[in-house]
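Working notes for the structure below.
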Amino acid sequence: MKFQEGVFLVVIFFLAYTQLVKGQHQPREDCKLKCGNVTIEYPFGISTGCYYPGDDNFNLTCVVEEKLLLFGIIQVTNISHSGHVSVLFERFSECYEQKNETNGTALGYQLGSSFSLSSNNKFTLVGCNALSLLSTFGKQNYSTGCLSLCNSQPEANGRCNGVGCCTTEDFSVPFDSDTFQFGSVRLRNQVNNSLDLFNTSVYQFNPCTYAFLVEDGKFNFDSSKDLKNLRNVTRFPVALDWSIGNQTCEQAGSTRICGKNSSCYNSTTRNGYICKCNEGYDGNPYRSEGCKDIDECISDTHNCSDPKTCRNRDGGFDCKCPSGYDLNSSMSCTRPEYKRTRIFLVIIIGVLVLLLAAICIQHATKQRKYTKLRRQFFEQNGGGMLIQRLSGAGLSNIDFKIFTEEGMKEATNGYDESRILGQGGQGTVYKGILPDNTIVAIKKARLADSRQVDQFIHEVLVLSQINHRNVVKILGCCLETEVPLLVYEFITNGTLFDHLHGSIFDSSLTWEHRLRIAIEVAGTLAYLHSSASIPIIHRDIKTANILLDENLTAKVADFGASKLIPMDKEQLTTMVQGTLGYLDPEYYTTGLLNEKSDVYSFGVVLMELLSGQKALCFERPQASKHLVSYFVSATEENRLHEIIDDQVLNEDNLKEIQEAARIAAECTRLMGEERPRMKEVAAKLEALRVEKTKHKWSDQYPEENEHLIGGHILSAQGETSSSIGYDSIKNVAILDIETGR
């Protein structure tokens with residue numbers, strides 16, 4: 001009796017020990033499962049307790065650039081728990097000057113004891129008159145290579161057949177080889193030991209030879225590109241085989257780490273074993289519960305003729321027929337003949353009843369579905385968020401209307417293409433006519449993803465908080481559609497871009513018009529930066545976002561990229577967004593956004609107003625593609641007359657244009673801290689207009705001008721003054737800006 005109890009205790013202890021050993025091989029629950037785009041599968045891991053503890057070769061490194069490294073140097077691109085891992089190996093290259101040779105050193109790798117080269121690789125040489133060699137070292141050394149010959153540019157046929165490119169057809173390294181090296185050499189003349197074969201014509205199209213390992217099917221030779229510089233590719237994908245330990249399945253015995261519903265297989269390329277899920281299971285076989293049952297009935301991997309007869313079971317499936325049916329040899333369920341007629345009648349009656357019921361409830365169901373869909377779109381498009389933010393910002397009482405989907409369709413004639421006013425990065429703008437014949441502009445977002453929805457809600461909130469005569473007025477929005485719609489006032493005269501560069505308008509903007517437009521835009525930006533309840537940076541100021549009404553009054557539009565700056569901050573770090581040609585270079589390189597970014601963009605707009613040329617034009621010469629550099633260079637070299645638009649330049653306004661050009665140059669200085677604030681820019685431009693008006697008035701009434709300006713004005717202290725200072729004009733302009741509209 002005592003003997004039997006002892007045997008029982010030994011068995012219990014053995015089972016408990018076995019489970020304990022297996023449990024110690026399982027990773028922690030908090031292990032990192034991804035590095036960049038690579039999923040990390042156990043037994044691999046990137047920290048203690050996350051990889052197989054019996055072998056440090058499975059300890060990977062995730063560097064700052066989100067790259068996964070093997071042995072700390074080899075980048076991993078994919079891990080498969082079937083015993084394969086994809087990595088990137090460097091190429092070997094050796095370049096030659098004409099008639100001279102540059103000696104290179106073979107490139108070598110030493111893999112860990114758990115890894116070896118897969119036979120699913122090719123050893124490839126690209127070059128003319130060269131020989132490549134790959135050698136592996138282990139219990140049995142192995143070498144392979146190939147020869148490539150050519151004295152002229154090979155035909156571009158995509159073949160790697162020994163002319164400009166060669167590859168090993170049978171790549172099978174010896175068992176348990178984990179160290180290898182490879183390289184290439186140029187063929188020499190056996191008579192004088194020179195590189196005569198490498199003549200001038202070959203040097204022109206093949207200055208270098210390249211030897212590299214690459215996974216089969218991952219490289220296609222192109223003689224027109226690869227012989228020159230291998231398309232600048234320096235690393236190639238290579239397949240490695242891996243296994244657990246250095247024992248066979250039988251030798252490892254109960255210490256194997258194969259989980260439940262998996263089997264152990266001896267490695268075919270080196271010592272050790274791998275685990276695979278049993279048939280009917282899928283998952284990671286190295287986890288204790290990693291192999292999960294595959295539901296063949298759902299995954300459609302069964303052979304039952306009717307999916308309804310499929311019944312899933314653990315590790316497989318069965319085809320079972322319902323009561324009254326028999327399973328035939330083709331795995332189909334059939335019913336005896338005498339029962340078919342009765343079933344047919346029952347089916348017909350049932351179908352008629354269902355059709356009648358469907359007709360009765362169709363209308364109600366359709367209405368319910370339509371209402372639910374509109375409600376779903378409303379929430380999906382941020383309706384709840386918009387109402388909450390409008391209320392939280394104290395904007396619930398503004399004249400802001402929520403439009404219906406039907407109203408938007410009628411207003412745009414079903415979103416007819418003829419109603420499209422313009423298209424941009426944030427969406428499409430349609431011309432709409434409301435039931436009261438009010439003409440509006442309707443902006444339809446391009447995509448209905450979360451980022452676009454946030455930008456849409458952001459634009460609504462920004463526009464709702466701006467009350468300025470030179471900012472496009474928001475009227476409302478529609479959130480019942482798949483993509484959100486924004487409704488704002490319709491500006492009849494197109495954009496400033498159309499008037500300066502487009503063919504839609506036969507426009508001839510005078511200097512007075514252009515100066516006034518510049519003053520209005522500058523004043524608007526100064527208001528947004530300094531006088532709005534929360535400072536706002538537009539972030540996309542350009543002529544295409546400045547609308548003109550019938551009186552050529554400027555209206556700043558498209559606030560989809562704008563940013564609200566907290567009162568306690570002067571700048572924000574954001575993802576760079578804007579339009580090339582107008583984008584602040586300092587913001588582009590640092591990601592730091594502040595009001596000086598709008599100042600730069602406005603400076604480009606002012607240059608367009610002065611020159612009549614586009615901010616970025618690839619049709620201009622290389623030195624003048626970017627208007628800013630072209631304009632600043634002309635200003636500094638006293639060549640301003642070459643770039644100023646002929647429609648605005650004359651002797652009467654030359655000084656004004658020179659001053660405006662100087663302001664534009666100041667706005668586009670490379671360093672943001674050297675640019676003026678928008679308030680200062682607006683004041684300077686306003687001073688230009690005041691000075692222009694003063695000169696015009698003095699020319700018309702010279703006697704009065706002499707009396708007021710040339711004479712003396714009595715001061716409060718009894719002294720006299722004979723001039724009106726620029727600072728006084730500037731102060732008046734600043735006061736006008738800060739007051740707002």
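Glycine too: its Cβ is placed from the backbone N, Cα and C atoms.
Per Swiss-Prot, active site, proton acceptor is recorded for Asp540, and the stated evidence type is sequence analysis. Residues or ranges marked as disulfide bond by Swiss-Prot on the basis of sequence analysis: Cys249-Cys264, Cys258-Cys275, Cys277-Cys291, Cys297-Cys310, Cys304-Cys319, Cys321-Cys333. The feature domain 'EGF-like 1' is assigned by Swiss-Prot to 245-292, with sequence analysis given as support. The domain 'EGF-like 2' annotation in Swiss-Prot covers 293-334, and the record cites sequence analysis as its basis. Swiss-Prot lists Asn37, Asn59, Asn78, Asn100, Asn103, Asn141, Asn192, Asn232, Asn246, Asn266, Asn303, Asn328 (among others) with the feature N-linked glycosylation site.
Positions of the features from Swiss-Prot, shown on the structure.
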residue	record	Cβ neighbours (10 Å)
Asn59	N-linked glycosylation site	19
Asn141	N-linked glycosylation site	12
Asn232	N-linked glycosylation site	7
Asn246	N-linked glycosylation site	16
Cys249	disulfide bond	18
Cys275	disulfide bond	25
Cys277	disulfide bond	24
Cys291	disulfide bond	25
Cys310	disulfide bond	21
Cys333	disulfide bond	18
Cα-proximity to Cys258 (disulfide bond), 10 Å cut-off, over recorded positions Asn232, Cys297, Cys304, Cys319, Cys321, Cys333: none
Candidate recorded positions Asn78, Cys249, Cys291, Cys310, Cys333, pick with smallest Cα gap to Asn266 (N-linked glycosylation site): Cys249
Cys264 (disulfide bond) versus Asn246 (N-linked glycosylation site) - Cα distance in angstrom: 14
Pairwise CA distance, Cys249 (disulfide bond) versus Cys304 (disulfide bond), rounded so that it is a whole Å: 36
Using Cα positions only, nearest of the recorded positions to Asn232 (N-linked glycosylation site) (Asn141, Asn303, Cys304, Cys310, Cys333): Asn141
Pairwise CA distance, Cys275 (disulfide bond) versus Cys297 (disulfide bond), rounded so that it is a whole Å: 26
By Cα-Cα distance, the member of recorded positions Asn37, Asn141, Cys277, Asn303, Cys304 nearest Asp540 (active site, proton acceptor): Asn37
Residue pair Cys291 (disulfide bond), Cys264 (disulfide bond) - Cα distance, angstrom, rounded: 13
Nearest-integer angstrom distance between the alpha carbons (Cα) of Cys321 (disulfide bond) and Cys297 (disulfide bond): 14
Pairwise CA distance, Asn303 (N-linked glycosylation site) versus Cys310 (disulfide bond), rounded so that it is a whole Å: 9
Three-state secondary structure, which DSSP defines for Cys249 (disulfide bond): helix
Cα within 10 Å of Cys264 (disulfide bond) - qualifying recorded positions among Asn59, Cys277, Cys297, Cys319: Cys277
Cβ-Cβ neighbours of Asp540 (active site, proton acceptor) (radius 10 Å): 24
